[in-house]
Amino acid sequence: MTIVKHILYAQVVCVANVLPWVLEMKPLLLIIIYLGAVTLPLVLSALVGGPPREWHQELASGLGILAFSMILMEFILSGRFKVISNGVGMDVTMRFHQIMARTALVFALVHPFLYQGTPSGGPRPWDPTRQLTLSTDVSALLSGIGAFLLLPTLVLLAIGRTQLDYKYETWRLMHGVGALLIALLLLHHTAYGGRYGSEPVMTWFWLAMTGVAVGSLLMVYLLVPLRQRAHPWRVASVSHLTPRQWELIVEPEGHRGLDYKAGQFVWLNVGHTPFSMKENPFSISSAPATGPKLSFMIKELGDFTRTIGQIKAGTAAYLDGPYGNLSVDGRTEPGVALIAGGVGLSPLLGILRQMRLTDDPRKVKLIYGNRVIDQIAYRDELDEEDVVYVLSEPPETWRGETGFIDGGLIDRVFSEEEFREWVFVMCGPAIMMDVVEDQLVKRGTPGHRILSERFQYD
Ligand SMILES: Cc1cc2nc3c(=O)[nH]c(=O)nc-3n(C[C@H](O)[C@H](O)[C@H](O)COP(=O)(O)OP(=O)(O)OC[C@H]3O[C@@H](n4cnc5c(N)ncnc54)[C@H](O)[C@@H]3O)c2cc1C
């Protein structure tokens, strides 16, 4: 018991000391902190101890404990915590969230089956052969069974979201409420049915960890909107860029605006209360050096983006951000290579504009791919730059590059030295980024010089 208290105390001291660093955090450090957080309950449970049991029963409890702590950490990995998503990037955060959810699911589903052959406990009508469970407390098991059924449902609904025909906002609400329910069911199951979780110190520990997870939801859905309400924005203009792309400009109302880096993105809510779920992520295409107004380049895709043209100047808007780490600020490479596909130009335009406005001495080249000529946005502005336009369906009169952005094309644009020494920043369709990244690695560009942002991560 005393050892456990000491460990908890050391943990608090450690977090307090590490936090300032965390703000400048690097991926390896994040991984270490993640591993520490998910394994801490396991270590504490081992220290709490108990009468000896067979190894498979310990394994069963261990997997259950790990699954629960990983599920609680999923709340923190939701992408809305800048300390994490600005440290490693939003797509890496969301990919990690998905992989850990699936791993926790496997652990959670396997764990009850490992208890088989339990030697103790009274009669259990739901499990007469005593193959599955240790506890005789029906309510503790029912909460576990509830979570056991809900968890795969939640994961499957997330995996199949794009195939299922319901609104993104509906899915998001269901995902949040479902996750909250699972966390509460697991807390009950662990405290009343778990061999270790029923020890008072562990019950308090799990309560605290669940409190942090639930608190993170409150932060996203209550505190952040309250802060947004105190810092409102208003739509300054909406204009057509190309047949299916728009430029939306917002300006701060009564405050100094957003402190951001070129290439970052925000969650944008136009025309709804800040407590609404109707917010979408968009990269900022303006540069911090332009001033407090923010501009967005938005492509029509679904229910919100198809109505951009109907938004009137003066409409209230709320922003949450900035997020993401697609930034070349403070980098020491001699040149910046920007590779955009379609609306993926948006964050790269922000970077390009910032470099121009601040007389950045680094060289910059842009490859901008589109399907047809009408989709090329900001042509007048881009013609001033070292830009290579690429069209996959060019008109007969087209004299520029054709096809997709591939190995042959990047070889025509960049020298061997540039491949090795420049930083490459990409944004566009997933297939384009996968191909280009592969080709860059083959040409000797180190991984830390390839930055990318995905517009579709879940
Ligand atoms: C980091 C990031 C930056 C982006 N930047 C831009 C940009 O600069 N310009 C641009 O045109 N598009 C951008 N997108 C894509 C943009 O967010 C979606 O096209 C937009 O949200 C679609 O909303 P909708 O209501 O019109 O369509 P829907 O039919 O509701 O959604 C279509 C798809 O868009 C995604 N989506 C919708 N709402 C959200 C949401 N709240 N959060 C996350 N994903 C959502 C989902 O994958 C959904 O399946 C970005 C996406 C991300 C993740």
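Using the three backbone atoms N, Cα and C, a Cβ is placed for every residue, glycine included.
Lifted from TrEMBL, the feature list:
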{"type": "DOMAIN", "residues": "228-329", "note": "domain 'FAD-binding FR-type'"}
{"type": "TRANSMEM", "residues": "28-47", "note": "transmembrane segment"}
{"type": "TRANSMEM", "residues": "59-78", "note": "transmembrane segment"}
{"type": "TRANSMEM", "residues": "99-118", "note": "transmembrane segment"}
{"type": "TRANSMEM", "residues": "138-159", "note": "transmembrane segment"}
{"type": "TRANSMEM", "residues": "171-192", "note": "transmembrane segment"}
{"type": "TRANSMEM", "residues": "204-224", "note": "transmembrane segment"}
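Residue counts for the domain 'FAD-binding FR-type' (228-329) under DSSP (helix as H, G, I; strand as E, B; rest coil) come to 12 helix, 42 strand, 48 coil. If you look at the transmembrane segment (59-78), the same-chain residues 6 or more away from its ends with a CB under 8 A from one of its CBs are 34, 37-42, 45, 84, 93, 96-97, 100-101, 103-105, 107-108, 110-115, 151, 179, 182-183, 186, 190, 194-197, 206, 209-210, 212-214, 216-217, 220. Sequence-distant contacts of the transmembrane segment (99-118), counting only residues of its own chain at least 6 positions beyond either end whose CB sits under 8 Å from a CB of the stretch, comprise 54, 56-57, 59-61, 63-64, 66-68, 70-71, 73-74, 77, 130-134, 144, 147-148, 151-152, 155, 158.
Confidence for the domain 'FAD-binding FR-type' (228-329), expressed as mean pLDDT, is 95.
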